[in-house]
Each structure stands twice: as C-alpha cells, then as structure tokens.
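Engineer: Sharing a structure below in structure tokens format, with a few things to ask.
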Amino acid sequence: MTLLQREENIIRKGNIDKEFSEKIKAAGGDSLEYCFQCGTCTGSCPSGRRTPYRVRQIIRKANVGLKDEIISDPALWMCTTCYSCQERCPRKVKIVDVVKLARNEAAKAGFMAPAHKAVGSFVIKTGHGVPINDATMELRKAVGLGELPPTTHQFPEALEEVQKIIKATGFDQLIGYNWETGELE
C-alpha cells in the first residue's frame, strides 16, 4: 500500500466544513491564506517539542475546513498560547487567534481537555485558575505581603460575583460542573 492509497490521507468534500473555514479565516484574517506551510511555527513551538501538537497541521486543516479533525484532536489543547509561532511567522498568520477559535468550537462540541476543565472548576470554586496554597501564603508573608492577595481570597463577595457570571454565561455547563457536589461530571 502506498501513501496515496491510505484512506486517512484522503480529504473528501463531505469532510470540509465551509462555515468553520470561514469562521477560522475571519479569526485569522486574510493572513491564513498566505500560509505556505514553511514549518517555522512548528519549529518554534515549545509545546510541540514534547507533545504531539503540530501547529502547521492545525493551520493546514483549518485552511481546508477540516473542523471535525481539528476539534476532536486532543493535541489542540497542548498549545500554551505563548505566541512564539505567531511572532516568528514570516507571513504574519494570526495562528493563536485560529487556535483559540478552534478551541471554542471544540468546547461547544464537547471536546475539552480534562486539565482545562479542572482549571475551570478551580475558577468556579475559588475565583482563581491556580488556587493559593500554604506555601504561597508563607512566601507572601516572607516578602512583606499579606497572606492573601486582594482577590476573591480576601473578598468572598467577589467570588459570588464571579460565580454569577459563570452561571450567566453557561461556563459551568460547558465544563460539566455540578454545583451540588462541587465536582466535574
């Protein structure tokens, strides 16, 4: 069997989502069409060195409109949004904007990395993606700061406001947060 005979390498018209392609192109501007697949983005990606995340593949699939392939790929969530790819792109493609939009579409379709859901759960519970711990409180005291930063940790009423916003936007449902148990479903 040759490479051209492999079924998974064939792009079929039915796999192309033109609406998704247009959304992606709107997020990345006209620049997305200028990508000539040089690989600078993938070569500069710190996450791509240690994970299966390949920026160039995402951009190529986005250009074609392969929505299902992009949003169902767990590697989509391995981007740290450090902008290394975008800063080095010789064609000025808005790569990170494309990745963010693809993640939004993935989340709406029920594809979200468990680690990202866990961070969302921390935000719901504490108002922070990374809750403060004893070691951090001790370090804050050691450098002359109060144990708690002036955030939801100090102002519980602010956490109530954060939670109202979360409920109003449906973020809790998006990540599968159960208010009764305080856990993800």
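Cβ coordinates come from backbone N, Cα and C, glycine included.
These came from Swiss-Prot, pasted as-is:
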type	residues	note
DOMAIN	25-55	domain '4Fe-4S ferredoxin-type 1'
BINDING	C35, C38, C41, C89	[4Fe-4S] cluster 1 binding site
BINDING	C45, C79, C82, C85	[4Fe-4S] cluster 2 binding site
DOMAIN	68-99	domain '4Fe-4S ferredoxin-type 2'
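Describe the structural context of each listed feature in the structure shown, including burial, neighbouring residues and relevant distances.
Structural biologist: Summarised by DSSP class, the composition of the domain '4Fe-4S ferredoxin-type 1' (25-55) is 16 helix, 0 strand, 15 coil.
The Cβ of C41 ([4Fe-4S] cluster 1 binding site) has 26 other Cβ atoms within 10 Å, all protein chains considered.
Secondary structure at C85 ([4Fe-4S] cluster 2 binding site), taken from DSSP and collapsed to helix, strand or coil, is helix.
Here the domain '4Fe-4S ferredoxin-type 2' (68-99) returns a mean pLDDT of 94 for the predicted model.
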Engineer: Please report, as numbers and ranges, the same-chain residues at least 6 past the borders of the domain '4Fe-4S ferredoxin-type 2' (68-99) whose CB is under 8 Å from any CB of it.
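Structural biologist: For the domain '4Fe-4S ferredoxin-type 2' (68-99), the nonlocal Cβ contacts are 15, 17, 24, 27-29, 31-32, 34-36, 38, 40-42, 44-48, 51-55, 58-59, 61-62, 105-106, 109, 111-113, 115-116.
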Engineer: On a simple 10 Å Cβ count over all chains shown, which one of the binding-site residues C79, C85, C89 is most densely packed?
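Structural biologist: Buried the deepest by this measure is C85.
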Engineer: Radius 10 Å, atoms counted are CB only; among the binding-site residues C38, C45, C82, which position scores highest?
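Structural biologist: The residue with the most neighbouring Cβ atoms within 10 Å is C45.
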Engineer: Sequence gap of 6 or more, Cβ distance under 8 Å: name the residues on the same chain that satisfy this around C35 ([4Fe-4S] cluster 1 binding site), in order along the sequence.
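Structural biologist: The answer is I59, R60, N63, C89, R91, V93.
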Engineer: I need the nearest neighbour of C41 ([4Fe-4S] cluster 1 binding site) among the binding-site residues C79, C82, C85, using C-alpha distances.
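Structural biologist: The smallest Cα gap between C41 ([4Fe-4S] cluster 1 binding site) and any of the binding-site residues is with C85.
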